[in-house]
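Straight from TrEMBL, the features:
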- Cys277: active site, nucleophile (ACT_SITE)
- 17-22, Asp42, Arg47, 94-98, 136-137, Glu170, 277-280, Arg347: NAD(+) binding site (BINDING)
- 333-462: domain 'UDP-glucose/GDP-mannose dehydrogenase C-terminal' (DOMAIN)
Amino acid sequence: MQTSSTPLIVSKIACIGAGYVGGPTMTVIANKCHDIQVVIYDMNQHRIDEWNSDHLPIYEPGLEELVFERRGKNLHFTTDYAQVVDADIIFLSVNTPTKYYGVGKGRAADLKYIESCARQLRDTIKSGRKIIVEKSTVPIRTSIAVKRILESGDSQAQFDILSNPEFLAEGTAISDLNAPDRVLIGGESDYAIQALSSVYARWVPKENIITTNLWSSELSKLVANCMLAQRISSMNAISALCEKTGADVQQVSYAVGKDTRIGAKFLQASVGFGGSCFQKDILNLVYLAEHYNLPEVAKYFYGIIEINDYQRDRFAKKVIHKLFNTVSNKKICILGFAFKKNTSDTRESSTIYICKSLLEERAQICIYDPKVTENQMRYDLKSLMNDSYGGDFSAISETSPESELVSKNVKVFSDPYEAMADAHAILVLTEWDEFKTYDYQRVFDSMKKPANLFDGRNILDREQLEQIGFEVYQIGKQEKNLADW
Ligand code: NAD
Ligand code: UGA
């Protein structure tokens with residue numbers, strides 16, 4: 001066994017959790033470090049089968065090529081837990097969703113998956129020295145719980161715990177991982193920090209590998225997501241003011257973002273942010289603040305979510321209002337179900353919330369998305385309509401009125417022109433590039449009149465659309481027909 005003064009030469013890395021983070025992160029490590037065996041373990045057999053097939057479970061630009069390049073060489077996807085225990089470094093990259101039951105329901109992170117990983121490691125690793133890395137996003141001080149569990153059995157093994165949160169964004173995961181703004185490693189053991197740093201140092205400049213204590217690292221991840229989301233909510237709040245006053249939110253964000261202290265990124269007003277993490281991590285921070293009796297802090301961050309909900313609701317109401325206050329039985333085409341472009345992920349997508357509002361008004365919804373499957377769309381809509389979103393889907397009845405509404409009033413199309421034909425309105429809810437390239441004259445000709453287009457991402461050429469004859473609404477921009485109907 002190496003002593004703590006002998007630097008560890010890493011030869012094998014394992015990761016528990018083959019999801020949106022575990023899969024791409026380990027794939028990039030395997031590509032950068034051919035001499036390191038990388039094993040990704042998941043308890044979900046179906047997911048592992050997909051990782052081992054020609055159709056990977058997630059869509060991410062550039063991922064497929066890298067997986068196909070290294071799979072079977074130094075990159076392995078498995079449900080065989082035995083392949084985890086002899087790794088030098090073990091990443092925990094399991095999900096940490098918002099709790100949907102019990103104490104902290106709707107706020108706190110559910111740490112049951114992290115805890116079960118820790119217990120399994122404790123019960124299966126009996127000797128040697130292992131570096132356990134929290135890759136999942138967790139509440140501050142989770143590493144204490146992980147350490148206590150690891151040290152609670154009869155294992156003679158020595159465990160070093162590190163926090164190494166992931167900052168990749170979906171849709172750009174591979175480029176983010178190839179050139180991260182920073183890699184953050186929190187921990188107390190120099191031996192472990194050195195070992196993990198040595199892996200990243202193969203391709204990340206040393207000055208971009210930051211080390212902190214455990215708590216700063218855990219908390220920084222939550223704060224980063226809160227601040228990114230806060231910028232979007234700020235612009236979304238301003239978009240409502242723009243619509244009332246004649247300012248143009250894109251001009252405002254450009255002017256504001258030119259200030260180098262502010263910067264241009266994450267200032268795009270939209271139908272509201274989605275994704276599996278922003279809301280979850282803000283709620284997590286809110287819960288922590290409440291737990292530590294800091295209600296002002298909790299309230300401050302909770303406002304980010306309130307504005308996001310407001311923006312989704314505002315958009316749905318705008319659609320209903322513009323369609324003469326009734327969408328009942330009207331065909332409404334939804335372009336985009338993913339929470340952002342270049343991903344098949346739909347978690348917390350604003351589309352789901354906007355569809356719910358329209359379905360409650362008995363609209364006929366026709367959806368097109370280039371990457372999201374029909375099953376996923378129906379699953380999401382039924383979950384939310386039955387108030388079980390993020391909860392226990394098995395508890396949902398297929399025959400509940402809400403499920404039947406989804407079955408009867410939602411159609412999914414693989415051809416966007418078919419989805420748009422005969423529609424009273426088109427709603428652009430994800431910023432997929434292909435939406436900009438459609439033949440909108442052809443679309444207009446096929447639609448009911450007046451033909452309404454609600455651009456929830458401000459990606460389309462409004463002037464051109466208005467020349468064709470569309471009535472166009474864009475976020476944070478004044479409508480041409482101020483008199484309204
Ligand atoms: P995910 O749901 O896509 O994947 C998690 C995987 O862990 C699942 O496949 C699940 O089967 C597996 N799993 C859970 N418990 C397990 C166990 N005990 N043993 C084996 N496998 C187990 O989640 P994700 O999107 O990859 O997110 C993982 C973590 O990373 C979360 O904490 C999230 O907040 C964080 N994160 C996510 C992103 C992102 O873009 N999705 C970015 C940065 C950080
Ligand atoms: C976000 C962060 O950007 C990552 O750094 C972080 O690692 C990740 O969360 C996480 O912890 O899961 P992600 O959610 O994948 O990444 O995607 P983003 O690009 O951040 O977009 C989130 C949402 O905000 C999307 O719905 C997007 O359309 C929306 N958005 C983004 C806007 O509405 N306006 C913007 O200006 C930017």
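Note: Cβ is positioned from N, Cα and C throughout, glycine not excepted.
Unlike curated entries, TrEMBL annotations are predicted automatically.
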Please go through the binding-site residues Gly17, Tyr20, Asp42, Asn95, Gln279 one by one and keep those whose C-beta falls under 6 A from any atom of ligand 1; give the result in sequence order. Gly17, Tyr20, Asp42, Asn95
On the three-state reduction of DSSP, what should I expect for Thr98 (NAD(+) binding site)? strand
In chain order, residues whose C-beta lies under 8 angstroms from the C-beta of Tyr20 (NAD(+) binding site), counting only those at least six residues away in the same chain, are Ile58, Glu60, Glu170, Ala173, Ser276, Asp345
So which of the recorded positions Tyr20, Thr98, Glu170, Cys277 sit close to ligand 2, that is, with a CB under 6 Å from an atom of it? Glu170, Cys277
Compile a sequence-ordered list of residues in the same chain as Thr98 (NAD(+) binding site), six or more apart from it, whose Cβ lies below 8 A from its Cβ; state 'none' when nothing qualifies. Gly106, Arg107, Ala108, Ala109, Asp110, Gln279, Lys280, Leu283, Asn284, Gly390
Can you tell me how many other Cβ atoms are located within 10 Å of the Cβ belonging to Gln279 (NAD(+) binding site)? 22
How big is the Cα-to-Cα gap, in Å, between Asp42 (NAD(+) binding site) and the residue listed as 'active site, nucleophile'? 20
Tell me, roughly as an integer, the mean pLDDT over the domain 'UDP-glucose/GDP-mannose dehydrogenase C-terminal' (333-462). 96
The domain 'UDP-glucose/GDP-mannose dehydrogenase C-terminal' (333-462): DSSP-derived helix, strand, coil residue counts: 53 helix, 20 strand, 57 coil
With every protein chain in view, how many other Cβ atoms are within 10 Å of the Cβ of the residue listed as 'active site, nucleophile'? 25
Work out how many Å separate Asn95 (NAD(+) binding site) and Cys277 (active site, nucleophile) at their Cα atoms, rounded off. 10
Just the number: how many Å between the Cα atoms of the residue listed as 'active site, nucleophile' and Gly17 (NAD(+) binding site)? 16
Let me know how many other Cβ atoms fall within 10 Å of the Cβ of Asn95 (NAD(+) binding site). 18
